[in-house]
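Asker: If you look up Swiss-Prot, you'll see Tyr37, Tyr168, Gln172, Asp175, Gln190 marked as L-tyrosine binding site. The ATP binding site annotation in Swiss-Prot covers Lys254 and rests on sequence analysis. For 251-255, the entry in Swiss-Prot reads motif ''KMSKS' region'.
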Amino acid sequence: MDIGRKIELITKRPTEELLTVENLRHLLEIGAPMQHYIGFEISGYIHLGTGLMAGAKIADLQKAGIKTRIFLADWHSWINDKLGGDLEIIQKVALTYFKEGMKQSIKVMGGDPDKVEFVLASEILEKGDYWQTVIDISKNVTLARMMRSITIMGRQMGEAIDFAKLIYPAMQVADIFYQGVTIAHAGMDQRKAHVIAIEVAQKLKYHAIEHNGEKLKPVALHHHLLLGLQEPPVWPIESEEQYKELKTQMKMSKSKPYSAVFIHDTPEEIKQKLRKAFCPAREVKYNPVLDWAEYIIFREEPTEFTIHRPAKFGGDVTYTTFEELKRDFAEGKLHPLDLKNAVAEYLIELLKPVRDYFEKHPEPLELMREIKITR
């Protein structure tokens, strides 16, 4: 496969940003070992924003010949008080429910879960020279910068936090270099940590990424954050700045069950959540249901997406591109309820293999139901 085609696969939807395309091209041209990683905190149920968005991108990377890795961030989850801050429970969930759920998500999005390496953070954090890398990074970043970066944990600047949380950004950057990662992958909300990684890459003394004597900068790949289904706290949205802020604030959240569809939700749960979804008629700029259609259904174009309607409401209509769907919705030719029902039916069918898996292997899900789910 030529370099141009590899770049197309890596930058296609749901990629929202690549820092930078020029650096990616350089790494491919010099034949640097291409190692991807995406790290996850272990907390509640896996929703579509985690499972399908990451799964889709992993599938693309595999097609481009990139080695893929999922980093099960147990220590990071402990620092960020996930699952009650109980490290033993976090590790148990990571190696059962979360690992199996991500494998099934990757599979339904066209990837090969058997070609994904799963690494538990403890396996590398318990090695002494990992912390040497953390210190090396920390010596190249100001305290003020680290404090601004705590938003990667879903924390707000100015929020009262324990000191361990200030170590978190340096650990996340160290994860990249210690594992020799050339493609650091995450949602857009992790951007601050990745920018630090790019900036310190050529200053590091320990575990810098090198190829033929050249210190390399990693590429940062950020996928789209699916919007949560709930109505935003401010409506209508009047400014572009307000819209950008809301996009991150209103992402899908496992702590707000009706904002998210989980990968193992029943057909009735999926229908119910979509029926209640915020989907104003003719609104195409901020519309969670359209957002899901764009990044899940129309990830590959052209495709065929049929919306079934009674003849008196125009009959069935089939769209092959997202722009066609968006145009009809903007012009009022497509009713919100018809869109919601069609997206729900698509998701029910897409997620059937995941539901089937957890019906045959109920133990991981039963474990999750026994644990108090925290944000």
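Every residue gets a Cβ built from N, Cα and C, even glycine.
Map these features onto the structure and tell me what's around them.
Answerer: In the three-state DSSP reading, Tyr37 (L-tyrosine binding site) counts as strand. Other Cβ atoms within 10 Å of the Cβ of Tyr37 (L-tyrosine binding site), summed over all protein chains shown, number 22.
A coil conformation is recorded for Lys254 (ATP binding site) in the three-state DSSP classification, outside any helix or strand.
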Asker: Where Gln190 (L-tyrosine binding site) and Lys254 (ATP binding site) are concerned, what is their Cα separation in Å, rounded?
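Answerer: Each residue's Cα considered, Gln190 (L-tyrosine binding site) and Lys254 (ATP binding site) end up 17 Å apart.
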Asker: Between Gln172, Gln190, which of the binding-site residues has its C-beta surrounded by the fewest other C-beta atoms within 10 Å?
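Answerer: Minimum Cβ neighbour count within 10 Å, taken over the binding-site residues Gln172, Gln190, occurs at Gln190.
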Asker: Just how many other Cβ atoms lie inside 10 Å of the Cβ on Lys254 (ATP binding site)?
Answerer: 18
Asker: For the motif ''KMSKS' region' (251-255), what's the model's average pLDDT?
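Answerer: Across the motif ''KMSKS' region' (251-255), the average pLDDT comes out at 75.
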Asker: Helix, strand or coil at Gln190 (L-tyrosine binding site), per DSSP?
Answerer: helix
Asker: Asp175 (L-tyrosine binding site) has how many other Cβ neighbours within 10 Å of its own Cβ?
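Answerer: Counting Cβ neighbours of Asp175 (L-tyrosine binding site) within 10 Å gives 26.
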